[in-house]
Structure formats: C-alpha cells, structure tokens
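First up is the structure itself, then whatever we jot down about it.
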Amino acid sequence: MKRIGVLTSGGDSPGMNAAIRAVVRKAIYHGVEVFGIYYGYAGLIAGKIKKLEVGDVGDIIHRGGTILYTARCPEFKTEEGQLKGIEQLKKHGIEGLVVIGGDGSYQGAKKLTEHGFPCVGVPGTIDNDIPGTDFTIGFDTALNTVIDAIDKIRDTATSHERTYVIEVMGRHAGDIALWSGLAGGAETILIPEADYDMNDVIARLKRGHERGKKHSIIIVAEGVGSGVEFGKKIQEATGFETRVTVLGHVQRGGSPTAFDRVLASRLGARAVELLLEGKGGRCVGIQNNQLVDHDIVEALANKHTVDQKMYLLSKELSI
C-alpha cells in the first residue's frame, strides 16, 4: 500500500488532531503518502482531498477540533453516495482509509468495507459509546471540562444554598454524566441507561436537607430529558431554590488532555499499521491499556454498555 487517506466525521472531539498527526507521521515514516479528506464523507464525495506532509501536522497535537474539519453527510448513507466516494478515492490513487469518528462514521467505514475498500476505524467521540474500546478519543477531555464546571458551580451553590441541575451531553450514553458525577460528588446522577423515579430523587433531596445539607448537585444526561424541565419539577416539589446549567458544546472543545493525546497517537498509529498489514475492515481500540482491533461489522453489532457497578457505586456514595 503506497497511498492512504484520513478523514474525520460526525461530531468533533478533542484529540482528533493528535490522531491525524499520528496517522500522517506513521505513514510517512513507512514511505506511504497520506491524503487528507476535508469535511468528512461530504468532502470525500466532493473530492476535497489534499496530500499531507509532515509539516501540515506540526503544532496540532495540543489543539482541539480537527484540522480536516467535519460535517454530516446524509448522502453517504445511500449506495450512490458511497460509490461516488470510492470513485474519488480511486481517482487519487488512495488504497486504504482511516476514519476517525463515532458510530455514524463507523457505519460509513463499514459500507466502504462491504464495497471492498479497506478501512480502519478510530474511535473519536466525547460520548465514549463505541463498542470494542474502553475509552474513545475526547472523552477524557470532555470529562475534565465537566468536572471543572461542577467544581465551580458547587462553589456558588454552597454560597447561595441552592440546588443545581447540570445537563451534560449524552443522548444515548451516560458515560459523561456518570463519570463526571462520581468525580464531582454529585448527589444524583441520571443516565439514559437506567430508569429513575422522580419521587425517589425528590425524597433523597429532602432527606439531605433534613440532615442539614444546604446545597445539592444533580447531573442529568441530555438523553434523560431537559435539564430545565427537570429543575422546574424539583423546585415545585421541594420548594428548594433551583438553578439549571446546560453545558452544551463547551464539552466538545478545548485542548486535549495528556491522556487523550497519548490515546489518539497510539490508536492513529495502530490504524496505519493495520492497513499496511493488509487488514482492512477493522476498528482499533484500547482495552485494559492494551491496543486491540476488531472486525468493524462485529463491533457495530455490539452495543456499548455503561458500567453498572460504577452506577451503583455512585448511588451508594450519594446518600
């Protein structure tokens, strides 16, 4: 294999640039040309493809976002769109593709694989919801962003003796809510993977108040429901002064943590190795701090599950 491509797709995550850097430098080290595909699958279809040199990925390891940009692309879900993409890859002499992104990006890589084009998926999403890996690129950075917000909000919650509801990202996965809530000492954590009883939430808040607790922090994953509506219900049911903070897209930005930079470097380099070994149709990950790879079709057939023991621990510690 003499020429490979790399793209980022779907929602951006801190550390994507570190992964791009690793792909480019690893490939060039082995004498392979690398082409950056801009704006994800939409850019692939449109032929927004440019050769990348070592200098193009200098001074980016610490930067959030993605220098290749990203975009949603409904057209690539169609066979016609997929064939247009393959036509562009062949036009540029690209023989293998590294796809950095989340579940939707993996679905695109799977389709290319089914058309006979070698692809390797690299997990890049703050949601940490990709099967076959303990951690995804960007999760640790987003987690630290949320924890920083929790710590600051707790300061003002204490000063004003208020209850605060903090809504975090996670439409289908509760990892950000669970991990940040546990690390931030939240009194209640609500995630999409677990049912909750509003009466129980209110009863817990009242018990804490009776014990002399002057403030509370509640973490709500967006997939559970609106943090604003949740806050209204709590104030109406308890009479406690309640405020709501929706963290939103701040969770996707920022300079990646050391963990995410190292993770991205390891996974990006391993993706190139797999292509050079002739192993397309794979996705890379890290499990028990060891690099692993899986068949991308089999990986997508599985479902990411939240750590139930950690969830139970969070409930035990928030009495």
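Cβ coordinates are placed from backbone N, Cα and C, and glycine is handled just like the others.
What you see is a predicted model, and the numbers here were worked out from it, not measured in a lab.
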Listed in Swiss-Prot for the ATP site shared with Arg72, Cys73, Gly102, Asp103, Gly104, Ser105, one of Gly5, Gly11, Gly15, Gly170:
Gly11
Given Swiss-Prot annotates Arg21, Ala22, Val23, Val24, Arg25, Gly185, Ala186, Glu187, Arg211, Lys213, Lys214, His215 as ADP-binding, which of Arg3, Arg154, Arg243 belongs to that site as well?
Arg154
Given that Swiss-Prot annotates Thr125, Ile126, Asp127, Arg162, Met169, Gly170, Arg171, Arg243, His249, Val250, Gln251, Arg252 as binding substrate, state which candidate in Glu114, Glu222, Glu229, Glu236 belongs to that site as well.
Glu222
Just checking a number: largest C-alpha distance across Gly11, Arg72, Cys73, Gly102, Asp103, Gly104, Ser105 for the ATP site, rounded to a whole Å.
14
Compared by Cα position, which of the binding-site residues Asp103, Gly104, Thr125, Arg171 is the closest one to Arg21 (ADP binding site)?
Thr125
According to DSSP, folded down to helix, strand and coil, what is Arg243 (substrate binding site)?
strand
10 Å Cα neighbourhood of Gly102 (ATP binding site): matching binding-site residues from Arg25, Thr125, Asp127, His215, Arg243:
Thr125, Asp127
